[in-house]
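K.L.:
I'd like to ask some things about the structure below.
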Amino acid sequence: MGLADASGPRDTQALLSATQAMELRRRDYHMERPLLNQEHLEELGRWGSAPRTRQWQTWLQCSRARAYALLLQHLPVLVWLPRYPVRDWLLGDLLSGLSVAIMQLPQGLAYALLAGLPPVFGLYSSFYPVFIYFLFGTSRHISVGTFAVMSVMVGSVTESLAPQALNDSMINETARDAARVQVASTLSVLVGLFQVGLGLIHFGFVVTYLSEPLVRGYTTAAAVQVFVSQLKYVFGLHLSSHSGPLSLIYTVLEVCWKLPQSKVGTVVTAAVAGVVLVVVKLLNDKLQQQLPMPIPGELLTLIGATGISYGMGLKHRFEVDVVGNIPAGLVPPVAPNTQLFSKLVGSAFTIAVVGFAIAISLGKIFALRHAYRVDSNQELVALGLSNLIGGIFQCFPVSCSMSRSLVQESTGGNSQVAGAISSLFILLIIVKLGELFHDLPKAVLAAIIIVNLKGMLRQLSDMRSLWKANRADLLIWLVTFTATILLNLDLGLVVAVIFSLLLVVVRTQMPHYSVLGQVPDTDIYRDVAEYSEAKEVPGVKVFRSSATVYFANAEFYSDALKQRCGVDVDFLISQKKKLLKKQEQLKLKQLQKEEKLQKQAASSKGTSVSINVNTSLEDMRSNNVEDCKMMQVSSGDKMEDATASGQEDSKAPDGSTLKALGLPQPDFHSLILDLGALSFVDTVCLKSLKNIFHDFREIEVEVYMAACHSPVVSQLEAGHFFDASITKKHLFASVHDAVTFALQHPRPVPDSPVSDTRL
């Protein structure tokens, strides 16, 4: 029985149905049927739905993964907080947060005065930005908040933009403060926008243009600015508002002029508070090992001064200025005044860069000490969001404080949980306890600011150390300090950065040039002026520059090369040209003389003979000129061939060599340029190198290049440096390889008179 018989009629019918269905599907696929009915459409829809669903699911999963990775990148708290070791770190962070908050309170009140704002806005700036940085920051130890340098920069802006009439009117003091708060909060929003934008485009490297001497000179000058700005609170004087260049000088002169008007009660209050603060700081330094946490001298001074002022009535009896009303509670968010953006954009960018430079410098110090990594771009974003959101809640721009950061680390702080705790403590003071400081004397806040300047003012000793270590860095420090003192903080920073960059250019224009010699029995080459064992290779001169060659120093490079080689190359070339020209003139005179003699000898003959003679003389003369030209062309071709191969030593006419012309020959036949210091080449460098090849070949010296890096070789190729006369056979991987080749191929001899083909 066959297979069909065994399967039966049902199987045969099923097989036929399946065959027909496959035929229908094939025809539908090839669009042979004009229309599809609803049944076929539903069937095809069921077939295609599964792959589309999987594609959408895959796309959604990838999108979610990318969004989650982006969220983790820009919100680091989601990464480290779930792994937070509560048992090991919580107690230390709690004590550290309370210690920092104790410092944050008086400094916030004091630095608000420095910014030209009511003290309560210093408390706001100690709460919002600190908590925002807790969410977005990557440093575990820096303490974000009010800082003296930032506050004095903000103060210079608020005093310059607040109406002058309001500054001098006691009646309109409220309106003046409102105007300054609006300026400061708008400035904070603009600073935050700059920092967030720079962080998102990965512009964190901008801080590399602020060298350490520049930053230290700038902060020292800012400390002097802060000190002078607090003199009016120390002596109880009412000064005019000065802004712009030389404003510091005008302020000092006005203080000296009004010094007899000082209020004795205010001076005594500031002096007593300053002495107490200094004594407490000395005790903290001396008892650092014995104390579990530093004595909160600033907080104790704040509480004691407020109690004494309230009990003795210092404001009414001795005319001591006090802080005044501190409203309880938080303020609602306020949109920035966009009309001020055009006036604030320059100052905002300067403050953004300075604030980030200070924060990232401290962050990297602590990260190196505790073996973790700080992301500079994320730090820009974190600081920017702190200032942006803080500005909406009427805060002024902030950065991080070195003194508070050191306290946060030394008291056991391990993470930004300490910062969050300090910000919550400040929130408690804002909501409930702020009004208790109504009678706090402003002179006490000024004393707190001045005493905290000790660390920055001690940087004046940098001048002595830099004088011994590096006088170029000392010059940067002095220019930065002087420019910041005379031109104010914003223009001073611009001048400092420009001068620092120009100094880099000048230093590359004057690198160290050296002639190298070989250390015996090695392939090492060192400066013969510095290493007594290094000896020059006979017949080979090796020259090196310590900096790359580019448009600013290419001419200096060529001049130094010719000077160090001990040969006056330009003089030899000019003398060679003169002698060859003189030889050519003598040949022409000789031809003219022969022509004249031929004419005199043929004068007695007939006209036809005379004509023939003249014709032959003209032919001879033209043939001689043609021969000279052909000799020049052929010799030029021979020189190119000899140069390209680097191996042929063609024979030239005796009259064209230095020896035949009676000129001195160089004591070396090969020049090797050690280009290992080159990091890039530009068009000026290419032309300079080609001119070096041309000039030294004119005095019968072959030139080679050694130790070029691959990117430099690629740039040489892109600039069409290599041609028939300068090939890659003139390029060697090391100086020793070039020296070995040069010794095997001695002095080439040119074939032609000198022709000027310099670029």
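Including glycine, each Cβ sits where the backbone N, Cα and C put it.
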K.L.:
According to TrEMBL, transmembrane segment applies to one of these ranges: 411-431, 537-557. Which one is it?
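P.N.:
Result: 411-431 is the stretch TrEMBL calls transmembrane segment.
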K.L.:
Check each of the ranges 140-159, 380-399, 700-719 against TrEMBL and return the one annotated as transmembrane segment.
P.N.:
380-399
K.L.:
Out of 443-460, 677-694, let me know the one TrEMBL marks transmembrane segment.
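P.N.:
Per TrEMBL, the stretch marked transmembrane segment is 443-460.
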K.L.:
Report, as numbers and ranges, which residues of the same chain sit near the transmembrane segment (411-431): CB under 8 Å and 6 or more residues beyond its ends.
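P.N.:
Cβ under 8 Å, 6 or more out: 77, 80, 84, 88-101, 104-105, 108, 120, 123-124, 126-128, 130-131, 133-134, 137, 139-141, 143-144, 293-294, 328-330.
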K.L.:
Other than its close neighbours in sequence, what residues sit by the transmembrane segment (344-368), given a CB gap under 8 Å and a spacing of at least six beyond its ends?
P.N.:
138-142, 144, 147, 149-150, 153-154, 156-157, 161, 183, 186-187, 190-191, 194-195, 198, 204, 206-207, 210, 215, 218-219, 374, 376, 379-380, 383-384, 387, 397-400, 402, 405, 409, 489-490, 493-494
K.L.:
I'd like to know if the transmembrane segment (475-506) touches the transmembrane segment (109-136) in this structure, counting it as a touch only when three or more C-beta pairs sit under 8 Å and are separated by 6 or more positions.
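P.N.:
Since fewer than 3 Cβ pairs under 8 Å link them, the transmembrane segment (109-136) and the transmembrane segment (475-506) do not come into contact.
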K.L.:
Between 183-210, 295-313, 475-506, who has the most Cβ pairs under 8 Å to the transmembrane segment (380-399)?
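P.N.:
The listed stretch sharing the most Cβ pairs with the transmembrane segment (380-399) is 183-210.
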K.L.:
Just to confirm my parser: what is the rounded mean pLDDT across the domain 'STAS' (530-742)?
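P.N.:
Mean per-residue confidence for the domain 'STAS' (530-742): 79 out of 100.
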K.L.:
So if I exclude everything within five residues of the ends of the transmembrane segment (475-506), which remaining residues of that chain have a CB under 8 angstroms from its CBs? That is, six or more out.
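P.N.:
For the transmembrane segment (475-506), the far contacts come to 152-153, 156, 209-211, 213-214, 216-218, 220-222, 224-225, 243-249, 346-347, 350, 353-354, 462-463, 466, 552.
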